[in-house]
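Student: Encoded as structure tokens, here's the structure I'll be asking about.
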Amino acid sequence: MAKRTFSTLEIFLIFLFVLMTGITVALLSLLFVTSGTTENHTGFPTTQIPPATQGPTAIQASPTPSTPEPTLFQNFSGYHIGVGRADCTGQVADIILMGYSKTGQNARGILTRLYSRAFIMAEPDGSSRVVFVSIEIGMVSQRLRLEVLNRLQSKYGSLYRRDNVILSGTHTHSGPAGYFQYTTFVIASEGFSNRTFEYMVAGIMKSIEIAHTNMKPGKIFINKGNVDGAQINRSPSSYLRNPQSERARYSSNTDKEMVLLKMVDLNGDDLGLISWFAVHPVSMNNSNHLVNSDNVGYASYLFEQEKNKGYLPGEGPYVAAFASSNLGDVSPNILGPHCINTGESCDNANSTCPIGGPSMCIAMGPGQDMLDSTQIIGRIIYEKAKELYASASQEVTGPLASAHQWVNMTDVTVWLNSTHTAKTCKPALGYSFAAGTIDGFGTLNFMQGTTVGDPSWDSIRDQILGKPSEEIKECQKPKPILLHTGELSKPHPWHPDIVDVQIITLGFLAITAIPGEFTTMSGRRLREAVQEEFATYGMLNMTVVISGLCNVYTHYITTYEEYQAQRYEAASTIYGPHTLAAYIQRFRVLAKAIATDTVANLSSGPEPPFFKDLMAPLIPNTVDRAPVGTTFGDVLQPANPKYRVGEVVEVTFVGANPKNSAENQTHQTFLTVEKYEVTSATWQIMHNDASWETRFYWHKGLLGHSNATIQWHIPDTAQPGTYRIRYFGHNRKQNSPKPAVILSFESTPSTFDVVTTW
């Protein structure tokens, strides 16, 4: 192999990479205590609740719950149903957005709030119940799940447990990072943000508590239908590696089917919906800096606004969750990949362009910009859900059940046939992981489809992190290993070994909780295998749903054939080429246990760790300062006196760091748009920061100075009249040697008029 030469730019980037890695390793060594930091049942710091004892006995334990049980009416046909929604946004500034792993993509404001949506279903006599929570975050981390389970046990005893509670992330790439415990994700997050972690945990808990309190007798209906025009396969060459006979059974290289549950009370009044559809929420690309819920979040927004008329976004009793599915190789950027410098297609095995390489190959959405694309894709999803909801007539009936195990995914023996076996591997990321995808390319010009390592990069890795063992290299073939994360344990393991597998069933519906991102064909194989297992033991014609990004994050899961291509998804299949087969085996075990009523005999498996002493955020807290002669909230640029529908109102204020508002939640929004009602002589709130018509931008200056800009994009539905925009914030103040305090403030600038014509 000829020795590679580097351009001046690449040499500079390599120097930066080595420098930043060295600094990171040094910081990690200083900031972590590497001994005595793993806890399972005892020894937790006083601010944390240790994980519950997780053996089979623990499931049956019944400590006295601190919250009284709502009285359940037993004589009816259907289920007790509870729905709840709560804010789980976290920081909207001074934190990396989770998903693209792009350095510098810090949050700098908010487009929409993020919500946790909880659904509780219980049998008429209250004997069995299941919980499904869809959360508008990138993915559920193991630490997040363990903490939620701890608090549920403290509040409700054994009512809500590891086996009957599923936490699923929608996979928006525009939510805050910082809530992980494994080192790979801690580094990608630039530290652990307890501020954001606590905000998310509290929001998830609140949504479950609301659902628990509001349970009432009702019915669930299911419907299915294809969604057209909202997705493409972003690795079609990998998909083609699957057997032709298998591909011939399907009409598309993506799963177009949406599965929807409609929930109503016994009077037929609407309660909520859950839908599952496979699409990546990456319509907002990696140049975005505003926290938001992306395309599936826009679908939720539209449905909830339709059902909760008269309520502000995020308010009202109706709850609509658009959950993730087998979206691993599915993009919403339906115009496909093109070279942005020449316009030619780059839909090839390496996603690269003749001029400029992989960084020029980008897929575009259908809109004029990323926000327009987000709303177009979101509306397509919403319209199909609305159609399915209106026509849903097949009632879901039958008992509720749940099964869960922890599995050491680094050591699963996979039966290839009746005589031959293989094993899963210690985690590792391949070269193509660093290439990114057509939805968001990497920064160092790595290329998808790389099956041979580069001696220069290998040398840099070996000097900083040590060499990967021959065992892991052999196990992971044909993946050329860039990061041998399964052999890195300082300051904590870089990837999880212990992973959740879980199924909950509602009559003939089985929801499989997938701890990562299944590709299209991986999802199809798992659904088919689980359905077959149920049928083998008497549960015929089960509908099996893939619910993605659940309980713990383990990157991607491709088929064995797709793994050979080593595009991004395969390079990110961390447990090796037989990962999918291992999951299929483990989910078959759960399906059999449910079908044969032997869940109580399942072993809980090895309990996952819970780490403390995690790296603090790299961006420190600073005192907020207003310019001399001003105070927080003072108007720097007022609104114009008059606007027409379709124009943009913009007001700029003396600002303070918005992350303070994740600690002191005196105000529940950064902004309101209010209209003066002449008849009542009062101001009515028309929009808040959860509205898609508003934007809140934070502009960070030096030495604690900052500005905040609020925009209102006046919709066609706006009524003529007098309006005002208000700003709500929190500033950090410190008078040494006293500890810092966070103080609330608000600002009400002058009014302006909205007219239909001049």
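Quick reminder: no glycine exception, Cβ is built from N, Cα and C everywhere.
Annotated transmembrane segment per TrEMBL: 12-33, in sequence order. The region 'Disordered' annotation in TrEMBL covers 42-67. What TrEMBL lists as compositional bias 'Polar residues' is 42-64. Marked as domain 'Neutral/alkaline non-lysosomal ceramidase N-terminal' by TrEMBL: 79-585. According to TrEMBL, the feature Zn(2+) binding site maps to HIS171, HIS280, GLU517, TYR556. If you look up TrEMBL, you'll see SER331 marked as active site, nucleophile. Residues or ranges marked as domain 'Neutral/alkaline non-lysosomal ceramidase C-terminal' in TrEMBL: 588-754.
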Student: Within the chain of SER331 (active site, nucleophile), which residues six or more apart in sequence place their C-beta under 8 angstroms from its C-beta?
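Tutor: Sequence-distant Cβ neighbours: GLN231, ILE232, ASN233, ARG234, VAL279, HIS280, VAL282, ALA363, THR437, ILE438, ASP439.
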Student: So which other residues, same chain and not among HIS171, HIS280, GLU517, TYR556, have a Cβ within 8 Å of the centroid of the Cβ atoms at the Zn(2+) site?
Tutor: SER324, LEU327, GLY328, VAL330, GLY516, GLY548, LEU549
Student: Counting only residues 6+ apart in the same chain, whose Cβ is under 8 Å from the Cβ of TYR556 (Zn(2+) binding site)?
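Tutor: The list for TYR556 (Zn(2+) binding site) reads GLY328, GLY516, GLU517, PHE518, THR519, TYR568, GLU569, ALA570, SER572, THR573, ILE574, given in order along the sequence.
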Student: Taking 10 A as the limit, how many CB atoms besides its own sit near the CB of GLU517 (Zn(2+) binding site)?
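Tutor: A count of 29.
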Student: Cβ distance under 8 Å to HIS171 (Zn(2+) binding site), same chain, sequence separation 6 or more: which residues?
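Tutor: Residues satisfying the criterion: GLY99, GLY138, MET139, HIS280, PRO281, SER324, LEU327, GLU517, GLY548, LEU549.
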Student: Averaged over the whole of the domain 'Neutral/alkaline non-lysosomal ceramidase C-terminal' (588-754), what is the pLDDT?
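Tutor: Reported value for the domain 'Neutral/alkaline non-lysosomal ceramidase C-terminal' (588-754) is a mean pLDDT of 96.
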Student: Please report the number of other Cβ atoms within 10 Å of the Cβ of HIS280 (Zn(2+) binding site).
Tutor: 26
